[in-house]
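Mind having a look at this structure? Questions to follow.
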């Protein structure tokens, strides 16, 4: 059952406007949609995550945390939409039960009457999105575009910016890489870089998945999850779940650049500041991985996909990261703090219009 703790007492509560609770009447599975600073002019955008959290409280904390990140992401991606996030607390279900759950969840999205637009995140497949779309036609996105492709495209252009900043060149031929998580985005990232870099170390909580992917490439090596941090590499790329950069792990990471697609990589904001003090270039996750939301916003706003225009919009992520870098230098602060301040400036300006 949902925790009795009042929402304002949750660690991750900030300026959240609303939390809507979903309770599936058949499976008794619960979920949450957290909204960060609602804007009555526009629906909130944020993907849906299905994950086996230890407690419902953990799930709600994650939703609150990710909703704020989505607000920052949407603002820095130059979209007018507020941020939201949905999590469904669930273990593995049979295909039949999963389909039923997704359809009833889609009915719940309809009930929110256009306040929330969602698509796939961790634990949700493209087929799941199609199932939800049969029930909720107007507020489910990620059908006409592949958010994974555009997320990785954004990562690649951001990586070029980071490489130029740290090494003075985008050449990867002598660079080594560690990728934590080879699910949808991680696997595509490895594929894109496999012919460009010297060596890639990969890991995944599903060890067989990592082994299968490493077997496809001569220069890709699978390591145990606990060993990924100790690899001596130029670039460390978190592409799985969040919160993996903490006081313990940042002491073990031996890279010059940290950049990846995972949401909410920092356990707490001060970790980004510590990385800066250590001389490690950290690319704020919600800047780097914004290609996904840019693509689904494009789908939502247009009857058909204009791929050339969409590609150009995603490529501009590199300009956003450059703006963050320049601001951090000007203010003598970390990239993390620079990105947050710039995002808050955009959001506050909108709130005052």
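Just so you know, glycine gets a Cβ as well, placed from its N, Cα and C.
The annotation active site, proton donor/acceptor is assigned in TrEMBL to 85. As annotated by TrEMBL, NAD(+) binding site applies to 181, 182, 183, 184, 185, 186.
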Beyond 181, 182, 183, 184, 185, 186, what residues of that chain have CB atoms within 8 A of the centre of the NAD(+) site's CB atoms?
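The surrounding set, listed in chain order, is 179, 187, 188, 189, 204, 239, 240, 261.
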I'm trying to understand the geometry here, so how far is the Cα atom of residue 184 (NAD(+) binding site) from the Cα atom of residue 85 (active site, proton donor/acceptor), in Å to the nearest whole number?
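That separation, Cα to Cα, works out to 19 Å.
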Within 10 Å of the Cβ of residue 185 (NAD(+) binding site), how many other Cβ atoms can you find? Include all protein chains, please.
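There are 27 such Cβ atoms around residue 185 (NAD(+) binding site).
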When you measure from the Cβ of residue 186 (NAD(+) binding site), how many other Cβ atoms are you left with inside 10 Å?
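Taking every protein chain into account, the count is 28.
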At the Cα level, what's the spacing in Å between residue 185 (NAD(+) binding site) and the residue listed as 'active site, proton donor/acceptor', rounded?
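That separation, Cα to Cα, works out to 19 Å.
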Please report the distance from the Cα of residue 85 (active site, proton donor/acceptor) to the Cα of residue 183 (NAD(+) binding site), rounded to the nearest angstrom.
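With the alpha carbons as reference points, the distance is 20 Å.
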Just jot down the residues in the same chain as residue 182 (NAD(+) binding site), at least 6 apart in sequence, with C-beta under 8 A of its C-beta; none if empty.
190, 202, 203, 204, 209, 210, 213, 239
